[in-house]
Amino acid sequence: MSATVILGVIGSDAHAVGITILEQALSAAGFEVVNLGVQSSQSEFVSAAEAHEGDAVLVSSLYGHAEQDCRGFHETIEAADLDPLTYIGGNLSVGQEEFDRTRDRFREMGFDRVFDSETKPAEAIAALKADMNIAESEAERARLTS
Amino acid sequence: MSATVILGVIGSDAHAVGITILEQALSAAGFEVVNLGVQSSQSEFVSAAEAHEGDAVLVSSLYGHAEQDCRGFHETIEAADLDPLTYIGGNLSVGQEEFDRTRDRFREMGFDRVFDSETKPAEAIAALKADMNIAESEAERARLTS
Amino acid sequence: MLRDTRLSGEDLSRIDEKIRADWSVEEIDFEEAVAYHDSLPRSKQFARVLEDADRPLLQPRAGVPRLDDQITLLRHLEDAGRADLLPTTIDSYTRDNEYEKAQRGLEEARESGDDTLNGFPAVNHGVEGCRKLIESVDAPIEVRHGTPDARLLAAVTFAGGFQSFEGGPISYNIPYTKEHELAETIEHWQFVDRLAGAYTERGVTINREPFGPLTGTLVPPSIAIAVGLVEGMLAATQGVRSVTLGYGQVGNLVQDIAALRALRELGEEYLPDDVTVTTVFHEWMGGFPPDEARASGVIALGAATAAIAEPDKVITKSPQEFGGVPTKEANAEGLRTTRQLIDMMREQDITLDGVEREREFVEKSARSLMDTILELGDEDVAQGVVEAFETGKLDVPFAPSDSAESAVLPARDDDGRVRILQFGDLALDPDLRDVHTDRLDRRARAENRDRSFQMVADDVDAISEGRLIGRPGGEGA
Amino acid sequence: MLRDTRLSGEDLSRIDEKIRADWSVEEIDFEEAVAYHDSLPRSKQFARVLEDADRPLLQPRAGVPRLDDQITLLRHLEDAGRADLLPTTIDSYTRDNEYEKAQRGLEEARESGDDTLNGFPAVNHGVEGCRKLIESVDAPIEVRHGTPDARLLAAVTFAGGFQSFEGGPISYNIPYTKEHELAETIEHWQFVDRLAGAYTERGVTINREPFGPLTGTLVPPSIAIAVGLVEGMLAATQGVRSVTLGYGQVGNLVQDIAALRALRELGEEYLPDDVTVTTVFHEWMGGFPPDEARASGVIALGAATAAIAEPDKVITKSPQEFGGVPTKEANAEGLRTTRQLIDMMREQDITLDGVEREREFVEKSARSLMDTILELGDEDVAQGVVEAFETGKLDVPFAPSDSAESAVLPARDDDGRVRILQFGDLALDPDLRDVHTDRLDRRARAENRDRSFQMVADDVDAISEGRLIGRPGGEGA
């Protein structure tokens, strides 16, 4: 397995803790990871997906402006003739909106999966493997859920 | 000076900390103190005032039932042909009543002075001395207010 | 004549019949009650849960008159507060054995919805009511009260499925009432303990917990420990095999940790080998600041102390302590603040300088009191403790009871530890007294004033005013 | 070329003119500004109040866009929170030097009453607005922000009467932004510090405070200390004479006390003798529990740590930390909980085992980093620190900045102390690295798992989930 995952925090958000941990977790799970870091623009994501032949793009946002920052993102990806899996996770809504509604909105925008800020890396990894049809070894499963 | 003060907690109230401290403070300030302790009845106060020729009766109540416990108290004192100073202090009202209103009610019942639960012994002593025309020495004043 | 000997089965039956004449309760079938206890899941076996825990368990205080309200309250404390052990606090009328008045209060509460009683009248709810409560929550429940004569309460609640019972002949007499004879309350509690012992012999361990904080205000640790040891010994004589010795926070970290260690060690030493000794730490029982934020600070200091000292159980306070009975939400908040601190601190290896020295001092002082008690009673602890209180050789500060001299006056030293300012006739060896006096002299010098009762008065108010030590100059100092 | 040398008066004027071209602010008359500072009462002299205190002073965080609201907020924190020192937190647009956007936000706030800015846009309020704020409260106020290029902000706020200014070229760059060059932010802060120095030379001491917590998440103490020392040295070169070195609580009592001691001692050692060094302790800067009661527990542990370690200043948190910006009431509550604990504990003599050993370890580690920095810069700390970050020899975990390698990964050891799991190129001597690795191995064995990034992930979430150490098994463990 050597699926490539593009990872970054979108917009002017500078929260680095989450993607640092996610990068480590993805690497440990056997993915090739391209970490764009914080304050990454839509075009940086798209260029990286193109250059590294990314199989998945993981967008993180923790400062409440994800919707604005992601407007037109999937159109740009399509325009570049790419078709990666796209996930987004973090504090995605402003205020006290129910997460179910938030998820629906981001699914409509084109994201394949939407996660809240309590999501553990293991969940994202399990989702990636499921969506990419990568079999988990028993050992990996045990480690990830421990 | 050897004024005699009768001291006690009225009703079924068993809070002893306050009067223990007050007893000590009064003794140190030169008063003769008869401490009836907790759970003292009106008649115990009156008998003690009679037996010890009490110049003042200090009633303490901390459990919120002072008004019921003191009903008819001043009539009983008068009936015994006594005329001591009477003070009351503690948590005198139930609920959030303004202390000014509480004071008025107990003044109407016949108490010469009414104190809240934050009152320090020094205040009660200064009041007793004022009401009994006992001069405070400079030294005492310094000690009491220190 | 009062003796520390086990009541016979005949005594037990005779007294049981007599107390049930006080108030008509259904006939209690002991065998049936034992079978009921046997039917309870292991998670409701109080002694087992407490004794097997690998971390301090948290227990709040709570009691309201109506059964359904009490169930709602306890469930909230389990769910929102994650309480490990639950309480049921009994109302004042029941504490005075005024079951008729309690009944009226309960009926009024049922009719009006208002709580005219300040706790749960377990005798009036009867065995069936108690069992419904036990069955409605997951954790084990202790009976907490303040009843000098708790015989009927014990008979009903034990049969009702409760497996832990707070109090004792000294700790529920001296700090709570004025006119009960100590010899009498000891006799009454011999029945309670014998009943607990009878269940214990049938495999239903009833946990007994002397009330450690006593008057709750600056009680010197040696006095609290001596009272707990005496009550534990009296209970053990009657067949009790699970004793939780209590101690109330004084607020000095070193002294509180030392006192809890001394309590456990002396408990192991003075109580028979077949008694399992556990300890309970009460968060500050004195006056609280009239402000929830500052009250949370007081609670947190208790929690931090517990995290380091690791008692088996912690009785929590709520941030609404100043205002009397807290809402169930505030009660759960006190639990959660306490748990957060304990869970953040208990895995840390925290060792404080001076704890061992203070522990030795507390132990020596408690031994001095215990030696006197046993000597006065010619090795009979029941007779000895009555004699000791009569002569003031054992004494409790600020005690309302005529059975105590109440001549002891405590004050904090310059480090905030509770010392003794006035000894009365307290049976402390002269070298131990000298330590107290020296420490208070040091404080007096530091504050440039005489060692006097004014320190006591200042210390009593200090924590509610935002400090530990009542320094001259008051709040702004 | 970047050098750690004092800017000339000409440089100062030239830069001053240039930065004021960014946004039209009124001409600042330095002499008039000095006279204004001279007219302030002693109680508003920040450095004097801080340096003369005999107990830890408390300071909250707070900033809203409108002047009148900021006055109301600060007065509330003074009155209801009894804050000793006050803050004014600056909005994000100002931090990005987007004064036009800040102006629009301020005007919207004035029109609508809604706060569209997340802080006080001091540049837009101008010198007069700042002075009104200074005059409206009793305590001294510090400017707190997060601005990589804070030159104009400093010019306006210093002239506006503020006498304390948080931040520095590393601490307001590496944890806050992605693309600022470190060499550039050092140059910018040389101006800020030189301006503070100019006031200082005229008798108006401007206190400077490097931002100690950095990324706020499990930062190893040696890294935080090295960054603070470098920023303090850079400031001293420009004539700053009052430096407050900062450190953020990690939650292990021994390590936090040790780190604060090391910070003070190394500060005295590395900074010139004519600099007065003070210390500030930040209550936990990581994730908070989503529950005010548990959050109060986290705050209380910080307060207890401060009571024992006695830093000169404590930056408090509020129980609403989880939810973002707290209400002013919650902010005052955090102050009062903290004060109650500090005032109950600080008179107690509390000495913990192991603090000295940990302090030595922290000091050795910080020295190892400092030696490398000075060596890389050939004794020029400015050049050295740029080189150190470029090579990863100095590094900050979880840093968003491209100027840092961010290869260091921290994790807690079995006692809850923050150790280093992955070193990247961090310039720690091998024997020091071995200690970190040993300790984490011990934890790994205790948890029966590999030493791995999973520990980091678990530890980052632990406190918000109610524990200190992220043990396997999660919340219920």
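Cβ coordinates come from backbone N, Cα and C, glycine included.
According to TrEMBL, the features are:
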BINDING   D:ARG61, D:ARG95, D:ARG144, D:HIS145, D:GLU166, D:TYR172, D:TYR176  L-glutamate binding site
BINDING   D:GLY63, D:ASN118, D:PRO175, D:PHE288, D:LYS317, D:GLU321  adenosylcob(III)alamin binding site
REGION    D:96-121  region 'Disordered'
COMPBIAS  D:96-113  compositional bias 'Basic and acidic residues'
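In the three-state DSSP classification, D:PHE288 (adenosylcob(III)alamin binding site) falls within coil.
Neighbouring residues of the recorded L-glutamate site, listed in sequence order and excluding D:ARG61, D:ARG95, D:ARG144, D:HIS145, D:GLU166, D:TYR172, D:TYR176, comprise D:THR89, D:ILE90, D:GLY146, D:THR147, D:GLY167, D:PHE211 (Cβ within 8 Å of the Cβ centroid).
For D:ARG61 (L-glutamate binding site), the nearest of the binding-site residues by C-alpha distance turns out to be D:LYS317; the candidates were D:ASN118, D:PRO175, D:LYS317, D:GLU321. The local packing around D:HIS145 (L-glutamate binding site), expressed as other Cβ atoms within 10 Å of its Cβ over all shown chains, amounts to 28.
The sparsest Cβ neighbourhood within 10 Å, among the listed binding-site residues (D:TYR172, D:TYR176), is found at D:TYR176. Look at D:ARG61 (L-glutamate binding site): DSSP puts it in coil. Only residues 6 or more beyond the boundaries of the region 'Disordered' (D:96-121), in the same chain, are considered here, and those with a CB under 8 A from a CB of the stretch are 22-23, 63-67, 69-70, 88-90, 145, 147, 149, 152, 325.
Cα distances from D:LYS317 (adenosylcob(III)alamin binding site) to the binding-site residues D:ARG144, D:GLU166, D:TYR176 are smallest for D:ARG144. Note on proximity: among D:GLY63, D:ASN118, D:PHE288, D:GLU321, the binding-site residues of the record, the Cα nearest D:TYR176 (L-glutamate binding site) is that of D:ASN118. The 10 Å shell around the Cβ of D:ASN118 (adenosylcob(III)alamin binding site) contains 17 further Cβ atoms across the protein chains shown. Note on the region 'Disordered' (D:96-121): DSSP counts are 14 helix, 0 strand, 12 coil. Here the binding-site residues are D:ASN118, D:TYR176, D:PHE288, and the ones sitting under 8 angstroms from chain A, going by CB atoms, are D:TYR176. If you take the Cα of D:ARG144 (L-glutamate binding site) and the Cα of D:GLY63 (adenosylcob(III)alamin binding site), they are about 9 angstrom apart, rounded to a whole number.
Note: the Cα of D:PRO175 (adenosylcob(III)alamin binding site) and the Cα of D:HIS145 (L-glutamate binding site) are spaced 13 Å from each other. Across the structure, D:PHE288 (adenosylcob(III)alamin binding site) and D:TYR172 (L-glutamate binding site) place their CA atoms 22 angstrom apart. In this structure the C-alpha atoms belonging to D:TYR172 (L-glutamate binding site) and D:GLY63 (adenosylcob(III)alamin binding site) are separated by 18 Å.
Comparing D:ARG95 (L-glutamate binding site) with D:ASN118 (adenosylcob(III)alamin binding site), their Cα atoms are 11 Å apart once rounded. Residues D:GLY63, D:ASN118, D:PRO175, D:PHE288, D:LYS317, D:GLU321 are the ones the record ties to adenosylcob(III)alamin, and the longest Cα gap between any two of them is 20 Å. Site extent for L-glutamate: among the recorded binding residues D:ARG61, D:ARG95, D:ARG144, D:HIS145, D:GLU166, D:TYR172, D:TYR176, the largest C-alpha separation is 17 Å.
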